[in-house]
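Colleague: Sharing a structure here in structure tokens format.
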Amino acid sequence: MFSSVMVALVSLAVAVSANPGLSLKVSGPEAVDGVNNLKVVTTITNTGDETLKLLNDPRGALHTMPTDTFAITNESGETPSFIGVKVKYVPSMAAKSTGENVFAVIAPGQSVNVEHDLSAAYNFTSSGAGTYALEALNVFNYIDPETNEPVEIWADAEAHTTAVSGKLAVVRATPTLTRPVTYNGCSSSEQSALAAAASAAQSYVAESLSYLQTHTAATPRYTTWFGSYISSRHSTVLQHYTDMNSNDFSSYSFDCTCTAAGTFAYVYPNRFGTVYLCGAFWKAPTTGTDSQAGTLVHESSHFTRNGGTKDYAYGQAAAKSLATMDPDKAVMNADNHEYFSENNPAQS
């Protein structure tokens, strides 16, 4: 009895003493001549008293993928144009991954430094030369050792200021979409999987469009993923699906060279028709929740000509919450479109 009580008290004391914490600092040059020289380092430090196993979320400061990781503003409040990639990523699924580079483990007092080439993600032409404040996204996910589920944690953030002059954008070659479908670095089995996924995605989009055309009032399926019904939001989603339905998914160009184990896929929104597939994509089913076909719907909605959706929330739970709390963002969130199309579990 005494030993059981002591074990319980010790466990409680450990739980009470655990105090996770992070700090996030952006550092770099005070001035650059040309955005090709605008490279900054994010330093993530464990300021708590327990080791943290952090997800290498491609949206965040731990990852080098050119996503919209930074809030960048000049003295007039203007921001550069984002020209990087939009990604499908599900933290709860990444947490279960055994692939390499999915996590960053940081002990108390230790730091991780990551370099970011901002010219790969931002074009400063519209906002112009000037002094900019650079602040990195400060939300992270650590793995709860008790549940093995991701838990959000916000880091104390320190921004960096730099003066940008000279060349304000880096011109990069834009791949030309050819027909029929082209593959880069895809095995024969991957090509077969992509053909099946493209066909299923085409069906998903066609069915979704038909549903939206015939349901012009609140329904369980609509409100689950896009929130309270008003005609303007319905029209926004309808236009997205009208645009996506004009795509021939089987003529997309697919690149299979991405090795990020926890990521499904990504696209450059202004490079219509090219989809880059990553590690998590190949472990997904053809159809169903977070499927290969659904991933193609997600990524196609990111293309500017299809509506240019964002990544405000990832995963079914977060997407449902977004629909409830902020339907204006839900109708512009890629995962909400994917889950509406997958319709799993089925709703009328």
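Using the three backbone atoms N, Cα and C, a Cβ is placed for every residue, glycine included.
Features from Swiss-Prot:
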type	residues	note
SIGNAL	1-18	signal peptide
DISULFID	Cys186-Cys256	disulfide bond
CARBOHYD	Thr223	O-linked glycosylation site
DISULFID	Cys258-Cys278	disulfide bond
BINDING	His298, His302, Asp311	Zn(2+) binding site
ACT_SITE	Glu299	active site
SITE	Tyr314	site 'Transition state stabilizer'
Colleague: Including all protein chains shown, what's the count of other C-beta atoms within 10 A of the C-beta of Cys186 (disulfide bond)?
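Modeller: The answer is 17.
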Colleague: Write out, in the order they occur in the sequence, the residues of the chain not among His298, His302, Asp311 that have a C-beta within 8 Å of the mean position of the C-beta atoms of the recorded Zn(2+) site.
Modeller: Lys86, Val87, Lys88, Val267, Glu299, Ser301, Thr309, Lys310, Asn333, Ala334, Asp335, Glu338
Colleague: What does the structure give for the C-alpha distance between Glu299 (active site) and Thr223 (O-linked glycosylation site)? Integer Å is fine.
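Modeller: Spelling it out, the Cα of Glu299 (active site) and the Cα of Thr223 (O-linked glycosylation site) are 22 Å apart.
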Colleague: Please name which of the recorded positions listed here, Cys278, His298, Asp311, is nearest in space to Cys256 (disulfide bond), Cα against Cα.
Modeller: Cys278
Colleague: Could you tell me the C-alpha distance between Thr223 (O-linked glycosylation site) and His298 (Zn(2+) binding site) in angstrom, no decimals?
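Modeller: With distance taken Cα to Cα, His298 (Zn(2+) binding site) is 18 Å from Thr223 (O-linked glycosylation site).
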Colleague: Write down the Cα-Cα distance for His302 (Zn(2+) binding site) and Tyr314 (site 'Transition state stabilizer'), rounded and given in Å.
Modeller: 14
Colleague: Since the record lists Glu299, Asp311 as recorded positions, which of them has the fewest other Cβ atoms within 10 Å of its Cβ?
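Modeller: Comparing Cβ neighbour counts within 10 Å for the recorded positions Glu299, Asp311 gives Asp311.
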